[in-house]
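Student: What follows is a structure written as structure tokens; I'll ask about it next.
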């Protein structure tokens, strides 16, 4: 969220509009947060490590919603009021935490693709992420509550939309707020570019191997893991098992049973291989990537306004301030949309893949 130079030159009608817009957007974010937590609790299909990080971040988003829901009531109460100081604390801690959780998702993607981290390994990282993010964001936000000088007043004060680091403390605002946020965003971009190049390299290798071995084409919705050759081995062994099984007149039943068992074992292996040697693109890459794109959308207006105010101290734009209020208050809403829409598509895709993998069993049973 952007915090401009004190109270902008706005009339009562414009201030009222800002209040209504930010609170409506905050209500949508609250619905998004409840949707994320509720979906995770109700559906077992939203339980992978990426989903868990998003759910943890949803609790941070909930407190961010509290901040934006207070809206202009914080500045109206006065810079030294408890409400304004509380809103400033929330505004300093939780938007930064949201960016850091998005970075944590990108780190998980990197660890999955480059170091073959499994579910257990990723779960063991969750409490470390939580401790680091909470400490890094809480300490400065808490310390700023006690900083005040006769010349500049309290560090948290009115910035029109809400309370945050006051304009007279602008250097702290840049160093403690915008630098960590954009540093995290740039690191996240670098991670996704690095991961994207690695995924493209593995796809080329696997396609080449599949073509040479006349094996099945790789699904577009999967990412070959570091040990992708195992999946090719399993596929060829399925064909070999089937070809070697020839029925004889003296043991037709035994032969049929053997074929059925081998098909079942091969199909089961194929399902297991799909789950262990290949990564779901939507679950492990697309979802955190969309969260990152939503994050960029949130920070475009605030950063634009901040740069403009830096270049021209007299700069003031009500439409841009309105965009800051809207985008800054919709964080939880966009997270909820991405969580449900991408998650549902991933679940449907996985269900279709599992059904296709089990088709040979049905075919053999039909012949029996």
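Sequential numbering from 1, following the chain as shown.
Keep in mind that glycine also has a Cβ here, set from the backbone N, Cα and C atoms.
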Student: Can you check which of 266-283, 284-301 TrEMBL lists as transmembrane segment?
Tutor: 284-301
Student: From the ranges 233-254, 321-342, pick the one that TrEMBL records as transmembrane segment.
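Tutor: Feature transmembrane segment in TrEMBL: residues 321-342.
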Student: Tell me, roughly as an integer, the mean pLDDT over the domain 'G-protein coupled receptors family 2 profile 2' (15-343).
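Tutor: Averaged over the domain 'G-protein coupled receptors family 2 profile 2' (15-343), the predicted model reaches a pLDDT of 78.
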